[in-house]
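Enquirer: One structure coming up, written as structure tokens, with questions to follow.
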Amino acid sequence: MSLKVFFLTFIILLVLSGAVNGRRFISDSGGLISDGVHSEIGRDLEILRLDRDFAGGEEESCEQSYGFMPCTKTALGNVFLILVYGYLMFLGATYLSSGSELLLEILGPGIIGGLFLPVLGALPDAMLILVSGISGSTAAAQSQVSVGMGLLAGSTVMLITIIWGTCCIVGKCDIQNSVAVDMKDTRGFSLTGSGVSTDIWTSHAATIMAASVTPFLVVQLPQLLHSTSGRHLSVLIGLIISLSLLVSYCVYQVFQPWIQSRRLAYVKHKHVISGVLKQLRMRALGRLCTDQGAPNIEVLEKLFKAIDENEDGYLSRAELKALVVGIRLEEINLHENDAIEKLMKDFDTSHDHRIEMSEFIAGVTKWLTEARGSEASSPEAGPDTMKYLDDLHEQTRREHHFLGDQSDESVETVENPRSTVIKAVLLLLLGTVIAAVFADPLVDAVNNFSSATSIPSFFISFIALPLATNSSEAVSAIIFASRKKLRSASLTFSELYGAVTMNNLLCLSVFLALVYIRGLTWDFSSEVLVILIVCVVVGVFASVRSTFPLWTSLLAFLLYPFSLVLVYVLDYKFGWS
């Protein structure tokens, strides 16, 4: 998307605006005094105008946004305006996304990745929700606010149904041992043998997404209890809870890189423990422990003397290297010097940069106790078989895989940071301006189209508006998923869950603030039910598993038409609205 495209579209809108005003001036000139020559023509024009008014009110006046934006009351004209304004909103969302990514390259995660990026991603939706109820009378706002609710529900449902299922299909790989193998796609469209896998952080994001529907439940409580009192108070409580969860989520996003690095370091440490103990077990012929399960002190003393090549009574870093050579540290992206450092840190309690025999025995005893108490220990693992060491080693390898370690990825340096920051800020400002300016005309076009076709504005906004505000996120997610790797799949689904979470918190906060401040009526039971069903089903399902066979995408696709049908049945058959 280039700036030329935006300015070209803007010029077209100005031309259309002039055309609309000019057409109105000509059509309204029928009241002028006739010169007697053109009376027949005047009568014909008047008849035609009356015919048009009777047929559908094409010349019925409409309110222009900002006093110059084009508007119309016809169905076809509003379809055109929805497409144009929707495209401009998509353009604004794209600029916001591009600017955020450039800023992330310069400043990295943390505050930028955890706070600004999620907020900016939800900004177009928030703008549309805000303008849907901020202007006009209370009655008009009550009518138009259904556009905001349609956008809120439509964005949520589209992201974790259609886009979620599409990402499963384009990112599918062969599933072996319940894990999708990176870059291996030989089983075609096997519903059970092909799919995607994600890391543990993606499962956490799905859990957070499911929990983010809590404010909806709070606001809906009076309706569930069939109570007419306390509805305004429930909106205020829901707003406070929504804002609190929003702040908590942003704080979590800011500190998530630090949490992830600490978790990875712990897993790598356990891998070193299991690897070193396996090496010691092979040298001791499996007799590290006695029959009672206690450490075999005599064997450990012999091992210490065997490792102490210069027989000075201490183990140096060079002598410890023999213990970490065969651990296969490449599986967890760990250098052998780092492994030696971890070993030295746990064993060298005197901090003299060497390990005495007593420290060696105490350290091995401590590690054996940790390994035996590991959750990975199988029922048959005992002091005789020492199988729990193999269990722990395999567990740490799998944990590292699902934690999505990116330490082996090369980090590209930005050549000109200053110009990149300026470009990012300009893109963010331009995207924000576009979203702010064209949100109101788009909402008006949706309402006018609804009036012209008698189609409820909720369904129009549910289907059409998310295509404008979430297209950039959808395209980005599909592109990342097509790389067919666990890391790319994890990033894809994490972005989808994060976008839905921001919809449920930031966009809902804007919506609840409108309802509370303007004194509107909360009457969206069917819409809330749809959001709850989709978020809880997908969120719980994705939080308890990390591999998704291809058949799960079919279930995701079915949730979209199910949502539309459910709202229609509840509102127009059972009278919920």
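Backbone N, Cα and C atoms are what each Cβ position is placed from, and that goes for glycine too.
Per TrEMBL, the feature domain 'EF-hand' maps to 295-330, 335-370. For 1-22, the entry in TrEMBL reads signal peptide. Under the heading transmembrane segment, TrEMBL lists 75-95, 102-123, 143-170, 233-255, 420-439, 459-481, 493-518, 524-544, 551-570.
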Enquirer: With pairs fewer than 6 apart in sequence excluded, do the transmembrane segment (524-544) and the transmembrane segment (459-481) have three or more C-beta pairs that lie under 8 Å?
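Expert: The transmembrane segment (524-544) and the transmembrane segment (459-481): touching, no.
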Enquirer: Could you tell me whether the transmembrane segment (420-439) and the transmembrane segment (143-170) have 3+ CB pairs under 8 A, leaving out pairs under 6 positions apart?
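Expert: Counting Cβ pairs under 8 Å, fewer than 3, so no.
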Enquirer: Counting only CB pairs under 8 A, let me know which of 420-439, 493-518, 524-544 has the most with the transmembrane segment (75-95).
Expert: 420-439
